[in-house]
Amino acid sequence: MAASELYTKYARVWIPDPEEVWKSAELLKDYKPGDKVLQLRLEEGKDLEYCLDPKTKELPPLRNPDILVGENDLTALSYLHEPAVLHNLKVRFIDSKLIYTYCGIVLVAINPYEQLPIYGEDIINAYSGQNMGDMDPHIFAVAEEAYKQMARDERNQSIIVSGESGAGKTVSAKYAMRYFATVSGSASEANVEEKVLASNPIMESIGNAKTTRNDNSSRFGKYIEIGFDKRYRIIGANMRTYLLEKSRVVFQAEEERNYHIFYQLCASAALPEFKTLRLGNANYFHYTKQGGSPVIDGVDDAKEMVNTRQACTLLGISDSYQMGIFRILAGILHLGNVEFASRDSDSCAIPPKHDPLTIFCDLMGVEYEEMAHWLCHRKLATATETYIKPISKLHAINARDALAKHIYANLFNWIVDHVNKALHSTVKQHSFIGVLDIYGFETFEINSFEQFCINYANEKLQQQFNMHVFKLEQEEYMKEQIPWTLIDFYDNQPCINLIEAKMGILDLLDEECKMPKGSDDTWAQKLYNTHLNKCALFEKPRLSNKAFIIKHFADKVEYQCEGFLEKNKDTVYEEQIKVLKSSKKFKLLPELFQDEEKVLSPTSATPSGRVPLSRTAVKPAKARPGQTSKEHKKTVGHQFRNSLHLLMETLNATTPHYVRCIKPNDFKFPFTFDEKRAVQQLRACGVLETIRISAAGFPSRWTYQEFFSRYRVLMKQRDVLGDRKQTCKNVLEKLILDKDKYQFGKTKIFFRAGQVAYLEKIRADKLRAACIRIQKTIRGWLMRKKYVRMRKAAITIQRYVRGYQARCYAKFLRRTRAAITIQKFQRMYVVRKRYQCMRDATIALQALLRGYMARNKYQMMLREHKSIIIQKHVRGWLARVHYRRTLKAIVYLQCCYRRMMAKRELKKLKIEARSVERYKKLHIGLENKIMQLQRKIDEQNKEYKSLLEKLNSLEITYSTETERLRSDVERLRMSEEEAKNATNRVLSLQEEIAKLRKELHQTQSEKKTIEEWADKYKHETEQLVSELKDQNTLLKTEKEELNRRIHDQAKEITEAMEKKLVEETKQLELDLNDERLRYQNLLNEFSRLEERYDDLKDEMNLMASIPKPGHKRTDSTHSSNESEYTFSSEITEAEDLPLRMEQEPSEKKAPLDMSLFLKLQKRVTELEQEKQSLQDELDRKEEQALRAKAKEEERPPIRGAELEYESLKRQELESENKKLKNELNELQKALTETRSPEVTAPGAPAYRVLLDQLTSVSEELEVRKEEVLILRSQLVSQKEAIQPKNTMTDSTILLEDVQKMKDKGEIAQAYIGLKETNRLLESQLQSQKKSHENELESLRGEIQSLKEENNRQQQLLAQNLQLPPEARIEASLQHEITRLTNENLDLMEQLEKQDKTVRKLKKQLKVFAKKIGELEVGQMENISPGQIIDEPIRPVNIPRKEKDFQGMLEYKKEDEQKLVKNLILELKPRGVAVNLIPGLPAYILFMCVRHADYLNDDQKVRSLLTSTINGIKKVLKKRGDDFETVSFWLSNTCRFLHCLKQYSGEEGFMKHNTPRQNEHCLTNFDLAEYRQVLSDLAIQIYQQLVRVLENILQPMIVSGMLEHETIQGVSGVKPTGLRKRTSSIADEGTYTLDSIIRQLNSFHSVMCQHGMDPELIKQVVKQMFYIIGAVTLNNLLLRKDMCSWSKGMQIRYNVSQLEEWLRDKNLMNSGAKETLEPLIQAAQLLQVKKKTDEDAEAICSMCNALTTAQIVKVLNLYTPVNEFEERVLVSFIRTIQLRLRDRKDSPQLLMDAKHIFPVTFPFNPSSLALETIQIPASLGLGFISRV
């Protein structure tokens, strides 16, 4: 079909666009040959006329069908051109977030500028071992392909990573190396892979810098060779570097930085070890501040410095060398700050004592004067003389910078050399994989010598790439036997010749450098003269005479000639180097320059770049004295050309793999795609050239099977033949008439570009026509069905509507009449209501108004009355004030008048007093008075005498009265003692009684108030009780309702509780499984270490010249003992360690009775625990005693003796405990020292002594426990006794005070007697008061408890009332269940304790009875203790009869190895499984153990069990890859374990035994410890079985579950590219689902034949199904071509077949189906709708077994296979992510396919009677006899 025929209406094309590079458009009408214009419509709806080129008449490129967009391989596109490639990359990058894409043999990697979770170890494991085309594109896939080809083809490999700065080259190379390190591992224990990865931080710090395009840009190229040994494990590495950008050391552009190491040093300047470097901020140094951007966002230079130093340490660079490196780097920084002062135009000088130069010289260890001199001068040597010439300031600055660059380059060399030494291996290298991380094609506004070298290197690499692609195409064509036609491809050899050939650019540059007066201008003129107009690839710019243009393969580049000569020569003055070499204080500095003469060696540095390290050491010939300077002037261009030739030789000798890194935008925005920048890089990196070479021939290639599967719809039934190849030929001849458009190869059909799109168009048209026909038929049928249904529904609706209308009309009439009546009464009611309201309102208003007036009148009257009162009081007050004033004035006047009269009288008296008569009168009066007084005295004397007489009489009467009163008191006292009546004695104490009565009255009043309060509270309580009773009645009614609801909802609640119980059970099971998993992982690790130990032991035995006899057996026994007792949980490490230490020197002695030792050890542990508990209790009591003592120190010391007694008691207890501990240690030592079986036998005297001591120790401990309890009770009682003693002391003090008062007289005695009676009464009153208060307190307590109970009931009632009915019932049930559960748990604990004690006593009774019998026999026969073990065998065997077979097997001790050899080591599982009963070896071994137990021969039991375990381990180690062997011994180990349990004598394991089986139980030994060892062994065998299963199933799963089409024709194969899938290529030998099911059947039948427990078979099947589901899902998540609707249907069908297999085998309850749930949900996710928010909600609820990352990954990978399917929109995926953002699940993308579920071995007793088992002769066990 002609290409022009495809340009029909609606065909889509690409047209150029200045902004988007290419735009999509649609043809509005068919194109006809000769048309000059195409009518197009753009995607935004705009119409456009596209004019064709009149000369070429080239049509715009066609767009691929939508189903081909987003392909993994660009070569799978039908139309191969630039816009198709660009669009495919954009869709994958933006929509699917996929950064890797294949383009034939090239991996295109787009930098996402974001951390992606696609580089974890799980992804590495997923890609390991896979073919490159089988998984989605990834850097790991390229690395795996290189690793696989190295191993398969025995050929070295190379991975060439190229791209622009910032495209991600270094990261890609780093991930490739990480892949090799993870997959291969190292051949030694030195962790070489870690060292290889550790070289990255070092090289990044000294070779990477920030540029405007990249924050971590590699400024050098490197080629790392990772060496492998013959087993393809990493043994070392070697690094070559290229073209280090030295100019960056002295100059940085704007927004750029120097190398990272300088900023790391400045950031770490504050460290103590860096103080001597005298560093500071980066802005201080000239060499680090020029770019103006010293900090990178998100990068901590100080932390990076720590990483760099750690990497140096890991690679063996010592701290002293590290400090030397940092000194040199700091010296370079200080050298950059050296300044020059001009003297004149031709000379300059450095200021004296210049600080930067002083620091530089100190750091370098050189003389200041010499360095200052040679920085400003140079030496000129002629044939005869030598001149020293000063240089100008500009030349001095250039010389300083050249020196700094030279030092840095040599330091870079030195570090690379040391890294290579650290990575060098002494083991011979068998092969290597090289990773080349090199700069891509560069073009800037100003391009200089560096860009010229970089582009020259890319020209060479592009040539090699083109030749390799061309060669692969040729090989493919020849392999398929297709006629080879020469494909025209771009050959860049002319460009390479222009650069490197004779008289090329580099030759002319070297020649000009040799000229004395050579300059850039003269070199440019030579270039013009030599190549201009002679070479088509060389041009001269129009406006410049100092530049030239070269047409490279990627683009034209204009180079500026300025600086070419200087950079090519890179002059460094030798005198400055000599000064540095002369440094004696700094040893590292001369090392940098010691190989300066060996420039020809590939390990030396180039002035502007780095020459690579060659694998073969190239040693220069010994130079003559005059040769050094000549070779020292070897130019940069010449050295770079030589190194590039060496690199190309290396690459040509390897198989290359290409990775092209693309930078999507210049702004480092995540997932942002700039089409212009991407196209530039695609053109520059050769991807489009690969596409062009592919498109020139037959780019689309299909196998015949793929073509048939895809285009079967285009064939008729008669066209389908048995031969697929002939069928495809016949169909193609009909479909494509032009035979030049396709070719038939041996296995593939080759199509030219566009033919697959044409076939897809035909297929889509046919499918569309079929869909239209199906839709037409179905829609017609649906519409007819709909019409009939609608007609029937319409008739029914009419009938019902008419009836409804009639009923509505009748109802309307009735309502109308009723409405009228209602209106009448309503209106009347409204009017009456309104009248009544008005009347009531009027009356109310009147009442309010009248009241208001009355109140006003009353207020007025009240005010008048009050005012009158106020007036009255005011007027009275005024009158009183006036009266007081008047009275005061009158009194004052009277006083004045009386004073005047008194003065007058005084004058008169004074005059009279002077006269004699006055005195006479006075004397007369005095005499009379004296006489009167004398008479009065006489009268008073008479009265006194009479009174005295009366007093005497009164005294007599008083004494008589006193005597009488005393007699009365005595009489009262007697009567008081007799009658005990207090009322008769209180008559004389009325005053005291009055007081008491007052107090009593007060008490009665208080009692009355309390009684009143109590009555009141009782009344309130009764009222509350009555209310509660009312509420109770209400609650009873509600309870009845609730009971009714409970009865209705009982089923629902039961289901809810069951669900909750199931969830809790599941959680507990998960926790248990986690614990089991951890334990089994530890067990697995232990078995691995044990195997490694055995291997090392075997190697040591082989290395030993003369092995000692029996040595191997001793080791095996020792290892088995370790394996047996490693997991004993009852022996602590502290106790076990001395035992192990004591066991080592005594290995040659007789073995210890381990069962007895373990029992004693267990008993010792229990005693230690009891002692510890007693010690803790004593400590607690001591603390309590100390606290009590601290309190008592404040009081008088009363209880000193008691406390001393208690402390002595405690000390005694402590000493007893120590004594017990010492005795136990002595017992333990005695056990370890005396290991002979005579001493440790059950009947030996030592054994009896040991039992007696243990019994006495236990009794002593019981006694000590009782004493502790007595002490505790004494402490409590003494605490309580402290307070009453204090009160008694107070009362005694009061009595003593009263006693003192008795001495004051008899009256006091009487008073004291009365006071005592008073006290007695008072005490009685107090007792009554206390009893009353106690009663009150008890009543209050009862009231409070009633209150609390009431509140609690009210709270519960309120809570229950607030809850819904279901919750109320659930709460009540929960309460009842909790109560019953607690009771049941208590009862169960009691029951368990009783069962334990009963079992323990029974066992002890049996053991003691047997031992007593044996001791009696021994005493009767007088047998020595040494013969106890051997002799009892004979009397047991004498009465043996064949008729009464006991189910035991007897063998001799020397036949044990033969038994293990015939029954375990040399047994063939297949013969035993087919011909004999399942588990026969286990039964035989157990019967042997029974006989040893019967003989009470513990040594024989231990030896047999140890040999059995070691024999099984040996068999599994030897034939561990055979499924039948592993299954057979897993089954027998489990059976042996079950037999040990079934016949152990424990009741829990004897429930299902027959009476005869119970008689066969073990009698002497408890083999619980050995059961643990056997259980661990079974776990190890199970894990080995799982690994065998996984190895067998792994190759089948992906092919059978994903790739094979179980339902033929459902999933059409899409076109694939150059990376063919292995499954699609190979038709024969591929696995199908039937293969998996057949393998499952085989596994199941083998396990059933071996008699494996059904529960264990279920666990194995569950593990198998988990592996199938996990591997399938992981591959689905990493394969874009598998994520389609049809593939989801295939997966669901395959899963249904696996479920059917489970049903057939009755394994549906094994949990295997649940392990497939993630895979089922992923298949459903592929099939459900993915458009609306409802679909998103459904997906979120459906995919609960998938993580968020897995769901998003599947949606991103979803790819339509047919045009009818739609892609998942990005907005829909964002919706899913938003809905799932709160889900807490693992961020891991892939499932852990290596996960092994924890295994359990449920007890499965055997019904087989041991006495019926026959031993076949084929086993070769004739030396065993039945007992």
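Note that Cβ sites are derived from N, Cα and C of the backbone, with glycine treated the same way.
All annotation found in TrEMBL is predicted automatically rather than curated by experts.
Summarised as a single figure, the pLDDT of the domain 'Myosin N-terminal SH3-like' (8-60) averages 86. For 8-60, the entry in TrEMBL reads domain 'Myosin N-terminal SH3-like'.
Residues annotated as domain 'Myosin motor' in TrEMBL: 69-764.
Sequence-distant neighbours of G166 (ATP binding site) (same chain, 6+ residues apart, CB-CB distance under 8 A): N111, T211, R213, N214, S217, K663, K668. Taken from TrEMBL, the feature ATP binding site covers G163, E164, S165, G166, A167, G168, K169, T170.
Per TrEMBL, region 'Disordered' is recorded for 600-635 (among others).
Packing against the region 'Actin-binding' (644-666) from elsewhere in the chain are residues 89, 93, 103, 105-113, 139, 142, 145-146, 149, 153, 155-169, 172, 176, 213, 223, 240, 242, 434, 436, 440, 456-457, 460-461, 464-465, 468, 602, 612, 614-615, 672-674, 677-678, 681-682, 685-687: each is 6 or more residues past its ends and has a CB under 8 Å from a CB in it. The region 'Actin-binding' annotation in TrEMBL covers 644-666.
Per TrEMBL, the feature region 'Disordered' maps to 1104-1153 (among others).
Summarising the annotation, TrEMBL assigns compositional bias 'Polar residues' to 1117-1131.
Residues or ranges marked as compositional bias 'Basic and acidic residues' by TrEMBL: 1137-1151 (among others).
Positions annotated as region 'Disordered' by TrEMBL: 1171-1201 (among others).
What TrEMBL lists as compositional bias 'Basic and acidic residues' is 1171-1197 (among others).
Annotation source TrEMBL lists coiled coil at 1322-1411.
Residues annotated as domain 'Dilute' in TrEMBL: 1506-1782.
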Surrounding CB atoms that lie within 10 Å of the CB of S165 (ATP binding site), all protein chains: 19
Residue, out of the binding-site residues G163, G168, whose Cβ gathers the largest set of other Cβ atoms within 10 Å: G163
Chain-mates of G163, E164, S165, G166, A167, G168, K169, T170 with C-beta within 8 Å of site centroid, ATP: N111, N214, S217, S218, G440, C661, K663
Secondary structure content of the region 'Actin-binding' (644-666), with strand meaning DSSP E or B: 9 helix, 8 strand, 6 coil
Under 8 Å by Cβ from E164 (ATP binding site), counting only residues of that chain that are 6 or more apart: R213, G440, F441, E442, C661, K663, Q681, A684
Residue distribution over DSSP helix, strand and coil in the domain 'Myosin N-terminal SH3-like' (8-60): 0 helix, 24 strand, 29 coil
Number of Cβ atoms other than its own within 10 Å, given for A167 (ATP binding site): 25
Same-chain residues at least 6 apart in sequence whose Cβ lies under 8 Å from K169 (ATP binding site): V161, S162, G163, S218, D437, I438, G440, C661
